[in-house]
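Enquirer: The structure under discussion is supplied below as structure tokens; questions concerning it will follow.
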Amino acid sequence: MSKLPEGQALLELRHAVRRWTAEHGGGGVAVALSGGADSLALTAAAVAEAGPVHALVVDHRLQDGSAEVAARAAERALALGCASARVLAVRVHGSGGMEAAARRARYEALDGAREGRAVLLGHTLDDQAETVLLGLSRGSGPRSLAGMRDYDAPWGRPLLRVRRAVTARACAELALPPYQDPHNSSPEFTRVRLRTEALPLLEQILGGGVAQALARTADQLREDGEVLDALASELLAEAERVDGGASELEVTALAGAHPAVRRRALRSWLLAGGARSLTDGQLRAADELVGRWRGQGGVAVGGGRPGVRLVLSRRRGRLSVGLVSDPQSEQQRG
Ligand SMILES: Nc1ncnc2c1ncn2[C@@H]1O[C@H](COP(=O)(O)OP(=O)(O)OP(=O)(O)O)[C@@H](O)[C@H]1O
């Protein structure tokens, strides 16, 4: 496409992408294109504002006709002026449900194909608001209420301040009918009901502005969280001792810190040590090894293997993580 039409919606998107590239660098990016309105409109705006654009379309191969949907999206990307468009066919497998497995496969494929470029995603302010509302309702911690960041290398989200309705209008201005994913309107998905039922009701009861308010909450929590993370990494640097290649934490160095900072320090140290999907309960139990020590046993943290658990324990004034065999889970397997 030689020249884009200059409709209001497209201009708003171009402005958002221009702001993003000014802050995080342009000169060529990849765009994750599903063919839906958000990423299609983003692709058009990026072509105009972000240098050569390389479209990456993931075919999850979960629905009949998915290859055609992906091929059409790639064609559109080229017609919009992308420098290249690739379809990445993936195999969705593994634990945690289909949605989570598809997401994992998608991000892995995008990461493998980006060739050093940032990858722009089409998340909008409405996606951010839904993330925050879902997190609030589920009692998630501040890290998840802080929502998505506009750049979490290599993932860029230039549209986090743009309403979803704007991307739909931009597609209309471009005369590009977006692909409508049937999953996006299926009420069996919690997120869809939040979008189509809960948020409109809240908007009606509170007189509007709810999505923006939720996104603002995320911004505030993110800023606060960054300060706490910085304090936690200072604390970690003071407490960490590396002994024969193994990382341990000196309890006396942790003891004087505020538990909120301590838990963040423990979280990042445990993740670096191989823990996965830490819960608030596990982190609080881990913290009690410092703050409420009464000789208690170790704390199992997710991240072991069948028959082996990853356990955090305190010995001789230091915390360490190690693999401990777990006869119970061996029995369950056997
Ligand atoms: N099949 C796909 N191929 C390439 N990019 C995709 C695909 N599906 C989604 N994306 C990218 O991810 C963005 C968010 O998509 P969507 O909202 O459907 O995902 P989600 O599962 O809700 O969110 P998340 O990506 O955070 O898991 C899209 O705007 C697009 O940039």
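Placed from the backbone N, Cα and C atoms, the Cβ positions cover glycine too.
These numbers come from a predicted model, not from an experiment.
Per TrEMBL, the features are:
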DOMAIN    29-196  domain 'tRNA(Ile)-lysidine/2-thiocytidine synthase N-terminal'
BINDING   S34, G35, G36, A37, D38, S39  ATP binding site
DOMAIN    249-319  domain 'tRNA(Ile)-lysidine synthase substrate-binding'
Enquirer: Using CB under 6 Å from any atom of ligand 1, narrow the binding-site residues S34, G35, A37, S39 to the ones that qualify.
Expert: S34, S39
Enquirer: Measuring CB to CB from A37 (ATP binding site), give everything in the same chain under 8 Å that is also at least six residues away in sequence.
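Expert: Looking at Cβ-Cβ distances below 8 Å from A37 (ATP binding site), excluding near sequence neighbours, one finds R164, T167, A168, A170, C171, P178.
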Enquirer: Where does G36 (ATP binding site) sit in the DSSP three-state scheme?
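Expert: For G36 (ATP binding site) - judged by DSSP and reduced to three states - the answer is coil.
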Enquirer: Take the domain 'tRNA(Ile)-lysidine synthase substrate-binding' (249-319) and count its residues per DSSP category (helix H/G/I, strand E/B, coil), listing them in that order.
Expert: 31 helix, 19 strand, 21 coil
Enquirer: I'm checking region-level scores; what's the whole-number mean pLDDT for the domain 'tRNA(Ile)-lysidine synthase substrate-binding' (249-319)?
Expert: 92
Enquirer: Counting other Cβ atoms within 10 Å of each residue's Cβ, which of the binding-site residues G35, D38 comes out lowest?
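Expert: Among the binding-site residues G35, D38, the lowest count of other Cβ atoms within 10 Å belongs to G35.
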